[in-house]
Amino acid sequence: MNSERSERIKIPVLPLRDVVVYPHMVIPLFVGRKKSIHCIETSMNNDKKIMLIAQKEASKDEPSTNDLFNIGTISSILQMLKLPDGTVKVLVEGLQRACIKNIESNGEHLVAEVELIISPTVIDKEQEVLIRTTVNQFESYIKLNKKIPSEILNTLSQTKNAEKLADTIAAHMPLKLADKQSVLEIYNVNERLEFLMAIMETEIDLLKVEKRIRNRVKKQMEKSQREYYLNEQIKAIQKELGDMDEIPDENKILKRKIKSLKMPKEAKEKTESELQKLKMMSPMSAEATVVRSYIDWMIQVPWNIKTKIKKDIQEAKKILDIDHFGLEKVKERILEYLAVQSRTNKVKGPILCLIGPPGVGKTSLGKSIAKSTGRKYVRMALGGIRDEAEIRGHRRTYIGSMPGKLMQKMVKAKVKNPLFLLDEIDKMSCDIRVDPASALLEVLDPEQNINFNDHYLEVDYDLSDVMFVATSNSMNIPAPLLDRMEIIRLSGYTENEKLNIAKCYLYPKQMERNALKRNELIITDCAIISIIQYYTREAGVRSLEREISKICRKVVKLLILNKSLKKIEINSKNLKKFLGIKRFDYGKTNNLNQIGQVVGLAWTEVGGELLTIETACVSGKGKLTYTGSLGEVMQESIQAALTVVRSQAKKLGIKKDFHEKHDIHVHVPEGATPKDGPSAGIAMCTAIVSSLTKNPVKSNIAMTGEITLQGRVLTIGGLKEKLLAAHRGGVKTVLIPYENKRNLEEIPKNIIEGLTIYPVKNIEEVLKIALENTPYV
């Protein structure tokens, strides 16, 4: 800071709050503090000179010497006026910067010894450029900030005094106290101008943004006002023409609709209340749109509309038989359910949950139940739903809020008593943060769903007339939800059932879908059986339908390319041309009896599966290894099986210390697929015994059963699915736990007839049947 300092003078000090006075600046001040008034009176009685200096904190009424800045402005009092309330109004003019060297109080006011600051007057080309640039920038600022009078710009554009220019601009800028004081403390005028230019640049940018926002708001307001004005003009013109009666008031239409709906009292009061709000709002406001949307939803909800329910059980049976082949037990249970409903005239009762592998007809069964009862069919896919709001709706405070999917589907159905299918209920996403399954508890509980409350509608809705049916691939459903439903299991189809389904449903459906005439394509029974055996291996019929669809597409292409072709017959011999090489070896689980290899039977969400188990025994130190993505339960089964073998080593002719001198490796192929469960226990034990004794396992045998340490065989689940898997895989002999013998009565005869089934009580019986040679010595 280059400046010249003169001699020191003593002068009264007037502290200012949030005000910085610059040289060349004339400003009125209102003074109310007792010491400040005394300070002004002292100055008026002398040479009218006073030191004006800003307080660091405006909140302090009695500032000390440390509460004041060091640099201030010596000013002259031009005029003083005492006001009736005891305060004083003074008009002061800033003269020169000064620096406080010493300050003290004389008891009545502050007195300071100050040193005048004289900036060097050097005019060069740089300063001239700075003056011109600063004036131009200030002009841009004034154009955006209308609060500053344009006369000031006229005055400044003619001045050549850089000091006066800088201080005048600073006086008119809306600066913070710290920035105002910084301008005062910059002695070098060029630096002061640069500092002000930087501040003005920032202010100009802010003012431009402010102007853009203001213009946007103004345009929006003008648009709304224009639309309102035009609407009023149209109404006035229509009134003059006498057409106003033909255009009824929208609010009156809504009121009439609400009155005609026979809503429950709570819903009616809520809707009428919202309608009153709507009347008070501008039609163009955003809130009016939200309220109008809510009223529309309330009007669309089927509060009291019902379809007439059919009670003819014979007709229901006929519809189920036409739409679905087989599934006799399932149909019987559904008819029992419908019979009870027809007698009681109430829907209250257990919610049906159809559980089975993909493609067995769960969803289509729901459609058939709706058709047989005369109910409207509504389907809600729950797969992937992870938010409770998707079921219960969003509260209206959220932008774009809507009722939940449940109420949306009810609006779509337009009746209060549809059949509501909750599809894939086991596929809902649940974690520690979200649990949409909990929202379904109220829906599926007959005692609670009378008062279902959607967050958007905010009123109770009666779901007791709705017939809910759920579908799932597995029992992996939260326990409270499962407790509210009655389980009906749909197992996979047999080969004969698949053949009939293909002939009666899939083949005609794909013929129609691919625009084929009845005589253009013939698929023989042998061809369909070959597709089932060699191109699909599933519990349902989806893959079978895909293969038939593939044949139809290829036939359509051939008929178009070769006009001379009129008819194509697909049989087991030419099937390869249409579907390619065989994907599965039906009836060839193992061609030869092998050591250490056993076929187990497993149950999965997609039905039963054949599970190959391999065991190898090599010299080592007694290490047990298991591979193939095995779960904890299956690993424990292997350990239990090994303990059983050790306990019966003497009977089996195995050396007592085999577990110390041999490493045993158990592997279940298809290592990328996770596997778990206890039902492979006897298969593991058989594989280990076969490997240790070098006694081959019969190739046409499959087995299932949990093993205990005493060698007993415990009951298992999913027997029908497992026997179906054995049937599909061409297995001839199956070993099952003796306690599962009673379940054979529920399994269709056409499955059992193709299999030789041995119920076994212990591992001794298993080994005698499964191994090629008698294992016991």
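Cβ coordinates are placed from backbone N, Cα and C, and glycine is handled just like the others.
Swiss-Prot annotations:
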type: DOMAIN; residues: 11-204; note: domain 'Lon N-terminal'
type: BINDING; residues: Gly356, Pro357, Pro358, Gly359, Val360, Gly361, Lys362, Thr363; note: ATP binding site
type: DOMAIN; residues: 592-773; note: domain 'Lon proteolytic'
type: ACT_SITE; residues: Ser679; note: active site
type: ACT_SITE; residues: Lys722; note: active site
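Here the features listed in Swiss-Prot are placed on the structure.
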| residue | record | Cβ within 10 Å |
| --- | --- | --- |
| Gly356 | ATP binding site | 26 |
| Pro357 | ATP binding site | 24 |
| Pro358 | ATP binding site | 16 |
| Gly359 | ATP binding site | 20 |
| Val360 | ATP binding site | 29 |
| Gly361 | ATP binding site | 24 |
| Lys362 | ATP binding site | 25 |
| Thr363 | ATP binding site | 17 |
| Ser679 | active site | 28 |
| Lys722 | active site | 28 |
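Apart from the site residues Gly356, Pro357, Pro358, Gly359, Val360, Gly361, Lys362, Thr363, the chain places the Cβ of Leu354, Thr471, Asn473, Leu490, Ala539, Gly540 no farther than 8 Å from the centroid of the site's Cβ atoms, the recorded ATP location. In the predicted model, the domain 'Lon proteolytic' (592-773) has a mean pLDDT of 87. On a Cα basis, Ser679 (active site) lies 25 Å away from Gly359 (ATP binding site).
In the three-state DSSP reading, Pro358 (ATP binding site) counts as coil. You'll find the Cα of Lys362 (ATP binding site) roughly 20 Å from the Cα of Lys722 (active site). Cα of Lys722 (active site) to Cα of Ser679 (active site): a distance of 11 Å. Ranked by CA distance from Ser679 (active site), the binding-site residues Gly356, Val360, Gly361, Thr363 have Gly356 at the top as the closest. DSSP assigns Thr363 (ATP binding site) to a helix.
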